[in-house]
Amino acid sequence: MSSRARVLVLNSALGPLDYRVPHGMSVQPGSIVIAPLGPRQLLGVVWEPERMPSDAEVGDNRLRNLVGVVDVPPLGEPLRRLIEWTADYYLAPAAAVVRMAMPSSSALEGVKTITEYRATGEVPDRLTPQREQALERIGDRQGLIRELATVADVSDAVIRGLVKVGALEALQVDIDSPYPLPDPDHHQPALSPDQRAASATLVANVAAHEFHPTLLDGVTGSGKTEVYFEAIAEAIREGRQTLVLLPEIALTEPFLKRFTARFGCEPIAWHSGLRSSQRRRAWRAIATGQALVTVGARSALFLPYANLGLIVVDEAHETSFKQEEGVHYHARDVAVMRGKFEGCPVILASATPAIETRQQVALGRYAELKLPGRWGAAEMPAIEPIDLIQSPPDRGRWIAPPLVKAMEETLARREQVLLFLNRRGYAPLTLCRTCGHRFQCPNCTAWMVEHRLIQRITCHHCGHLEPTPRACPECGNEDTLVAVGPGVERIADEVKALFPEAKTAVVTSDTIWSPAKAAEFVARMEAHDIDIVVGTQLVTKGYHFPNLTLVGVIDADLGLNGGDLRASERTFQQIMQVAGRAGRGAKPGHVYIQTHSPDTPVMRALITGDAEAFYAAETDSRREAGAPPFGRFAGIVVSSEDKAAAQEIATLIGRTAPQVDGMETYGPAPAPLAMLRGRHRFRLLVHARRALDVQDVIRTWLGALDWSSKVRVTVDIDPYSFV
Ligand code: ADP
Ligand code: ZN
């Protein structure tokens, strides 16, 4: 009798397929296998047949043989249940979710040793300045040619030259060599009484080996990181793994430094910049349980941890945890589910928790621990409004006189300033003064944004780039193009004009695109090589610069204009976060927020510091509207390069919307972003009662319809984006 295996192959268009397991091969649920598909071979994962029904039962005699089993541990049962749950909840193909748990096949199979280099101590006869610099900076480091070149800030050729003359030698390194183990007692700080109480509870939760979701709600600078580090220390002592999720990889850099100070070595950082050999090593160490602490953004969530003892979601309110392409999942919510399946505690840390999370606390589903004050002598900064109607900036300027004055005073005290504006580039809109022509992206319903640093205009939706034109393409006039409104680059120009002596840095995803760039920025701030930072939301969180004492919010009203359901909440969170960068050390902090409407509830809450009143009012209005977390939304986006085809299917979906008690369907209507990356888009919005299984309704509804491959239909459960 031959044995069969049901396999989820890594092809989202296919359901599970059955294969024969040849003699001598043994598989179990979770085994990673190589399966033939037509003329190709694909990776797949063996699944319990009863949990993954197949539409096409194939007779034993028509089965194809599996080609092989990959020599890595099978995906564990909790992860398999999580994959099923995610696919079900977000209406995604199981294979698309499985893919997130797997490394690329080259990383699974690839080479096992690599060649690294280190100094021999020999000094070359011809010691050029570059060679000297390289040897000095490399010191006793060991690494690939490219890594050493980066460290030394020289070209690869310089490093190769040093190898040739015998100053560097080659070593064969086993790339699966174990990672150093963090030491839970390396440097334990003395905790404040509040911190001690909170950490004791978290440590006990880790020791209990049970699912236990907890909101760690502490003001900015209260030392939340130090508190959850104690829980991590407990997991390390027990030899169990921890996953720390951060909203952006730019934040891993400060995290790695603090982790190393506390535990004596770096954790495993999982991000898209890893080389295939690093990826292989990290993935395998995670799968065998050797890697004790892993930090990463969303993509670290589905890795095959062998014995997870703790999950931490830091800055848990951040909307960047919501994935907006592929599987539209929310990493915070899936992290809690993972904790449930793994049977381990989950810590959601935030100074400005999401209303969804606060509601879980109110319902008693999550526990809550509070850190009401900043650590040490640091005080919360004072927040003051600047009414832009009463004290407007000069013509063509954006920094109002009171903020300019505060900047002067801060710089005179040799302290640092942060100006926050959540807009990349120089100006959000460029138009021709003569004919009114505006630059629109050819692929999207969006204006092109001028970036002077790179002398391009670009689309922030699809990345389309063009050289900044000299003349108007419409009327041909030269020098008639004007920038409308400010972006961070324009604010930086204004700062340079006001304070020509000060050192200014622009910090956005355009200037900080890698962990190394983030490290460089941190080092420059710490060395006080920067006086004034002009930045987007990238600088609003995670960083701790004790000498930064003044924060100016250039346009506090900006986020309120979008009109989406979380606009007020997001504005509140963002400004609280950026305000939280001020005065984190011994020196007091000041925050000025420039606004046209200081009397809106958000601004009032920010100024008075009455977060509870704001949350209460916001929660009430959500409840009244049946908006999340009291009701549910699902977005349905129909898109195609062929507008008529998209419209036709959107209309069909709208027409066949089921009449279900407690559910309403709106649309279709052209999406606010009516065209994106060359595809025309139509939206429908489903609004349902909390208790309704809206996924089931949508599955049946859309499952009965058919459309050509030109048309793509994307369902977004619990959407954060409505454009
Ligand atoms: P949060 O994440 O709540 O904003 P952090 O964890 O960044 O706060 O802590 C703010 C600063 O205070 C950091 O520099 C941190 O090292 C320091 N800190 C917090 N708690 C302690 C402690 N118990 N001992 C020493 N330093 C601490
Ligand atoms: Zn575009």
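Each residue, glycine too, has its Cβ placed from N, Cα and C.
CYS435 (Zn(2+) 1 binding site) falls outside any helix or strand according to DSSP and counts as coil. Less than 8 angstroms from the CB of CYS435 (Zn(2+) 1 binding site) sit CYS472, GLU474, CYS475, ASN477, THR480, each of them six or more residues away in the same chain. Look at TrEMBL and you will find CYS432, CYS435, CYS472, CYS475 tagged as Zn(2+) 1 binding site.
TrEMBL lists CYS441, CYS444, CYS459, CYS462 with the feature Zn(2+) 2 binding site. Close to CYS459 (Zn(2+) 2 binding site) in the fold, though at least 6 residues off in sequence, lie CYS441, ASN443, CYS444, ALA446, MET448, VAL449, LEU465, each with a CB less than 8 Å from its CB.
In the predicted model, the domain 'Helicase ATP-binding' (205-371) has a mean pLDDT of 94. According to TrEMBL, the feature domain 'Helicase ATP-binding' maps to 205-371.
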Any idea what DSSP makes of CYS472 (Zn(2+) 1 binding site), helix, strand or coil?
coil
Rounded to an integer, what is the Cα-Cα distance in Å between CYS432 (Zn(2+) 1 binding site) and CYS462 (Zn(2+) 2 binding site)?
23
With every protein chain in view, what's the tally of Cβ atoms within 10 Å of the Cβ of CYS444 (Zn(2+) 2 binding site), excluding that atom itself?
22
Applying the rule Cβ within 8 Å of the centroid of the Cβ atoms of CYS432, CYS435, CYS472, CYS475, what extra residues of the same chain belong around the Zn(2+) 1 site?
ARG433, THR434, GLY436, HIS437, PRO473, GLU474, GLY476, ASN477, THR480
Cβ-centroid neighbours of Zn(2+) 2 site CYS441, CYS444, CYS459, CYS462, 8 Å, sequence order:
PRO442, ASN443, ALA446, MET448, HIS460, HIS461, GLY463, HIS464, LEU676, ARG677
Candidates near ligand 2 among the binding-site residues CYS432, CYS459, CYS475, judged by a Cβ under 6 angstroms
CYS459
Going by DSSP, give the three-state secondary structure for CYS462 (Zn(2+) 2 binding site).
coil
Fewest other C-beta atoms within 10 angstroms of its own C-beta: which of the binding-site residues CYS432, CYS441, CYS462, CYS475 fits that?
CYS475
Around CYS472 (Zn(2+) 1 binding site), how many other C-beta atoms are within 10 angstroms of its C-beta?
21
